[in-house]
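The annotation compositional bias 'Basic and acidic residues' is assigned in TrEMBL to 314-324. What TrEMBL lists as domain 'Ig-like' is 34-146, 158-255. Annotation source TrEMBL lists region 'Disordered' at 297-324. What TrEMBL lists as transmembrane segment is 261-286.
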Amino acid sequence: MVTGAGAEPRAGRVRGERARGPSAALDMALRRRPSLVLLLLLVRGCLIGAVNLKSSNRTPVVQEFESVELSCIITDSQTNDPRIEWKKIQDEQTTYVFFDNKIQGDLTDRAELLGKTSLKIWNVTRKDSALYRCEVVARNDRKEIDEIVIELTVQVKPVAPVCRVPRAVPVGKAATLSCQEGEGFPRPHYSWYRNDVPLPTDSRANPRFRNSSFVLNPETGTLVFSAVHKEDSGQYYCIASNDAGSARCEEQDMEVYDLNIGGIIGGVLVVLTVLALITGGICCAYRRGYFISHDRSGESYKNPGKPDGVNYIRTDEERRATQE
C-alpha cells in the first residue's frame, strides 16, 4: 500500500483520466499501441476506397400511370465519374434501361437519371413491374463494382367485373352467382350485395340472413345458394377491389318463385288426354279403312284416257266389246 505524499498525485491522475471519459482513455491506449493505430488506418482506407451503394426503398409500390423513383445512392467512393448502368430483369430476360449515358428500350422518353444514379420513371404501366438492377463501376476504388436490386410493383385498378345472375329460380333449388375480373393487380377480392346490403361470406354466421343458405368465396367471386328461399329474391351486384381501387358490375334481378304443383299435374293430365284422343281417332280411322289403298281392278278399273291430239285405233276385240 502506498502512503504519504506520493499517493495523492497518483490518485489525482486516476481521477483525471476518469474525468476525461472513454475518448481520452482510447487515445491513451492508441498512443501506447501504435500497431493498433496502423490497423485502424488500414481498415479505414479499405472502407473509403470501396464503392458502396444503398437504396431508400428496395421494394417500391406504385399505381399504374403514376411516377416512381428507383433509389440508388453511392455512399462511399473515390471515383469522381463512375460508370452507371441500369438493367431490367423480367421473365428471366435482362435488358438495358440506362446504358452509355442514355435511357434505353421501352423507357425511352419515360425516364431520366436523378442525381448521379437514381432512376425516375413517369407514367408507369403494368409492364414496368420487374426487377431493376443498379450497377456502378468505380475504377479508382479498391473495390470497383457494386450493385443493388430494386423490385418495382405496379398496382392496377380493377375494371368492371362480369357478373352472372340467374333470372328465375324455383324455391328450394340451388343457384350459383359468379363474378370475374381479369385486369386488376394484385388479384382483387370480391364482395356481393343484395338490394345494396353487403352479404357475409356465410349466411349462417349472421343472424340477419338466417333465412338464407349461401356461401360467398371472396377469392373466386362465386356466391352459391344450396337452396333458395323467397327472401333471396332481389337485385344483386358484385364489387371487385384491390389496393389500387375497385369496380362493380350492373345490378341484376333474381326472382325466386313457388312451384305450382297442382298446375303441373293438371298440365300433365291435359297432355295425356290429348294424346289419348289422337290415338283413339287414328285407330277408328284405320278400322274404317281410311288408310287402305284401293286396287285398280274390277269395277274400279277405267280405261286410260286418250291423250289430246292422238288418234287412237281400236282393236277388233275392243269393237266387239263396245257393240255388246
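A Cβ is built for glycine as well, from the same backbone N, Cα and C atoms used for every other residue.
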Integer mean pLDDT for the domain 'Ig-like' (158-255): 96
Composition by DSSP (helix, strand, coil) of residues within the domain 'Ig-like' (34-146): 21 helix, 50 strand, 42 coil
Three-state composition of the domain 'Ig-like' (158-255), taking helix and strand from DSSP: 9 helix, 47 strand, 42 coil
